[in-house]
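Notes follow once the structure below has been shown.
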Amino acid sequence: MALLFSLILAICTRPGFLASPPGVRLVGGLHRCEGRVEVKQNGQWGTVCDDGWDIKDVAVVCRELGCGAANGTPSGILYEPPAENEQKVFIQEVNCTGTEDTLAQCQQEEAYNCLHNEDAGALCENPESPLSPVPENVRLADGPGHCKGRVEVKHQNRWYSVCQTGWSLRAAKVVCRQLGCGRAVLTQKRCNKPAQGQRSIWLSQMSCSGREATLQDCPSGPWGKSTCIHDEDTWVECEDPFDLRLVGGDKLCSGRLEVLHKGVWGSVCDDNWGEKEDQVVCKQLDCGKSLSPSFKDRKSYGPGVGRIWLDNVRCLGEEQSLEQCQHRFWGYHDCTHQEDVAVICSG
């Protein structure tokens, strides 16, 4: 019976799980699920060449180590201490499908022309921590306020520039959203010397859809490897932070709608305004659902004064913020304050 059990265990055990300890490790990162990739052969640890290294290969490493999802393919030279000169580069041209349980199951070649400046790195989600993003932060530097400037990302307490190569307005939208700013209105190379960075260039070939919550969710080229110069630093300008409020009522969740633009509060015209737009406002203010007030109830809050910022607002009802809805350019309208929008929510 014992022999039969051992035979069943040998047959059913998945490679990389109970059969043996991991033959791969990540060295020099902030946690065990990030760092320079090293593999074990004949009792010795060696590095992996980044020729052909991609996110599918990282996914297998993450799985073998019991980490979370694969988040990136940073260069191994980012991690200190660096590999020692006498340490060998063991493998190159790793080609995983992404479904393997261990890196040893992937196609690979014995390294023959790689140096340690080509060491591969891996970044996985850290299951011991709810937050392990890389880049750890993003900012817009040397601009007039935190919503305009040169894009810089933070990794291991150092700030790095981002190359314009592959950058798009979709990537700028992600940055603006991550910083709590308004819509992205401009992205360009920043060629004038005073606005160019002096730091290392860390990211290039960003490929964002525009729907990501943070820049680290976007695919990119290998981190820490770039042929760009600072003439190609990325500059982004976002609108000022978007905010709204309901005024004139006896509760925070009912009143005349006002939005903040360029530091000034202004009202919203009721042209095309309806139930879906009400829903988005109530959702954004965490005020429950719209109570679908009557025309008379809406007008009970009286007209506003000053700027009318928005007109012809059109929402699908699924947006998380009114700024995500279609509308005319800020300040363009054909309204008077007798047409100011008011909203009444259940909260």
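Cβ atoms here come from the backbone N, Cα and C positions, even for glycine.
Features of the protein shown, as given by TrEMBL:
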- 1-19: signal peptide (SIGNAL)
- 24-125: domain 'SRCR' (DOMAIN)
- C96-C106: disulfide bond (DISULFID)
- 138-239: domain 'SRCR' (DOMAIN)
- C208-C218: disulfide bond (DISULFID)
- 244-346: domain 'SRCR' (DOMAIN)
- C315-C325: disulfide bond (DISULFID)
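Shown in sequence order, K56, D57, A59, V60, L103, Q105, C106, Q107 are the residues of the chain, 6+ apart in sequence, with a C-beta less than 8 angstroms from the C-beta of C96 (disulfide bond). Here the domain 'SRCR' (24-125) returns a mean pLDDT of 89 for the predicted model. Secondary structure counts, DSSP: the domain 'SRCR' (244-346) has 21 helix, 30 strand, 52 coil. For the domain 'SRCR' (24-125), the DSSP-based tally of helix, strand and coil residues reads 19 helix, 41 strand, 42 coil. Put simply, C208 (disulfide bond) is 24 Å from C315 (disulfide bond) when counted between their Cα atoms. Cβ-based crowding with a 10 Å cutoff singles out C315 as the top-ranked of the disulfide-bonded residues C315, C325. Sequence-distant contacts of C218 (disulfide bond), defined by Cβ-Cβ distance under 8 angstroms and a gap of at least six in the same chain, are A171, V174, M206, S207, C208, S209, E212. Other Cβ atoms within 10 Å of the Cβ of C106 (disulfide bond) number 19 in total over all chains.
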